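Summarising the annotation, TrEMBL assigns transmembrane segment to 116-138, 187-206, 281-302, 322-345, 357-380, 400-420, 451-477, 497-522, 563-589. Among the features that TrEMBL reports, domain 'TMC' is placed at 390-496.
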Amino acid sequence: FFSLHGFDAEEDLVGNLVSMSTNERIKAIQKMPETMRKKREIRNKVLKEITKKSRHRGARPSCCTQCLQGAAVSFRRFGNTLSEYFHQLRVWHKTLKIIGAEFGTSVLSYFVFLKWLLNFNIFSFLINFGFITIPQFLAAEPNNLSFTGLELFTGAGYFQDTVLYYGFYTNATISKMENGPSYNMQLAYIFTVGIYFVICFLILLFSMAKFFSRNFINPQAFSVNASKLLCTWDFNITNEKAVKLKQKNLCTQIKEGLTEVNKEVQHFSIMERLLRVAIHLLAWVASLGTAVAACTGVYFLSINNLELFMKGHRNDLERQSAMLVLPVIVSLLNTLIPFFFSWLGHLERFQTPGQHIYVTITRNIILKMSMVGILCYYWLNIVATSESQCWETLVGQDIYRLVLVDFIFCLLGSLFGEFLRRIIGTTVCKSLGLPEFDIGRNVLDLIYAQTLTWIGILFSPLLPGIQMIAFFIVFFVKKVSLMRNCQPPCKVWRTAQMMTSFIFLLFCPSFLGVLSVIGVTVWRLKPSEECGPFRGLSSMYAAVAGWIQILESYTASKWVVWIYHNLITSALFFFILSSFVLIVIYLYWQIIQGRRTMTELLRKQINN
């Protein structure tokens, strides 16, 4: 009786599963509290029943249905092939796995950040090229200047009359047909740059939030100990090289977890504490004094450089050499002084590698952002008021040279700096050993380069494309230098929140400082009279105000005028919006604190 009852129940179950859709059927079978063998038997019975019914009905799909099914299968195969092809194009995917296995997450975080910036600049280049450069090609006049090759280093000469710089762009409305659609270059230029910075702002905010939730409040971040041994291995791996790489990666993760678990708190006597505080104070005085001296030198050098440029030179070679003095000195200071900061960090003997890296990053960002601030003051207050015919192009050329020379010094630092340090550590002074990868210095080099790119977008719209190529080369040069010249960190440590810190430093002070520079340029400074899309206007923003005045005469555009007057130019609206954002941030912060407390309670319960 019981066997018959069980047979009837199973028949009912199979009948119910047959009537379900494919996705519902799969989920229902997965949720059954049965063994895998039993689930397979039920699935096979369901498939047999479906096959019997289709044969019994004799339902042969129509020609149209067969064509649609064939097209769907072909499209799915094409999509899978395309995804595999794009997966192979991700040349850094395997590289990041190798770096993480060999050098740990601390070094890996630098390369992840570099890849993130590379993708960011690809997006920037596509926006500027699509909405600013391509329309300008339609109205461009032929360039009569000769190309000598020096322009690649100076950015002047032949490049001066190309789409690379602000001064080449027209202020006319572009139209290829007499009564056809037109393209207002002034509005396209300012709206493209403005919307681009809004998108950058949102991307940085969402990226910080994503990495923060992943590394600070995600409970999986706490899952070390036994789960690393029991639940991490991927049994789909069959390739021998992949197995060894996965073993190295897992070994490094376990070491990092054990370092956190076995972290010892060092106890110092009163005299030792006073000595450490004195060393820290002296190091900070030395680092800040060095930064002030470097910024003072750059300021006076920039003023002298403008005077030499305005006076002219006897020949073109002298003029080209004078252009390279400022970027070479600035890049030289940005390359040498961080080595001094790293040496100070080793003298201070921090308790953890994380403290050493964060202090070094703080000192480097003070140095680099101060120098960028001095250069921005020079561009906006001295170059912009000079007698130059097109001061925007001069600023664009300065930034182009700074980006290019900084890229060259970055390559030289990897090819010769780390290489020579390896030769010295392995032959001359073997007690030094192989060098470690300086994360703080290299990360600040990336933030400095991206800051220059953001500032230069208004004066050189194609600068993200140049930076994109530079970052791509830097990625592989740094990878080769790391593998050949550097050793893994002596103290293995886990860096869950480092990527969040990098993007936060990119957002503040870098991105917020750039917004202030762009704001002053657009709203306060008078554009050049003889070049660029805003020639003859009192400010770049006057183009938007003039456009709104034109729209006021059209009834269909009244809503745009209302938004402009009541939202965009209204201080009350931004005050209310800021208050609302602060309230939302406070509420989310309280939610995060509650989740963190709950996570700690759950961890204690698991331990119990």
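Each residue, glycine too, has its Cβ placed from N, Cα and C.
In TrEMBL, annotation is done automatically, which means it is predicted and not curated.
Note that the structure is predicted; figures quoted are calculated from it, not measured.
Sequence-distant contacts of the transmembrane segment (116-138) (same chain, at least 6 residues past either end, Cβ-Cβ under 8 Å): 163, 168-170, 174, 176, 183, 185, 188-189, 192, 196, 199-200, 203, 207, 446, 450, 453, 457, 461-462, 464-465, 467-468, 471-472, 475, 503. Here the transmembrane segment (187-206) touches the transmembrane segment (497-522). Their Cβ atoms form 3 or more pairs under 8 Å, with each pair 6 or more residues apart.
For the domain 'TMC' (390-496), the DSSP-based tally of helix, strand and coil residues reads 79 helix, 2 strand, 26 coil.
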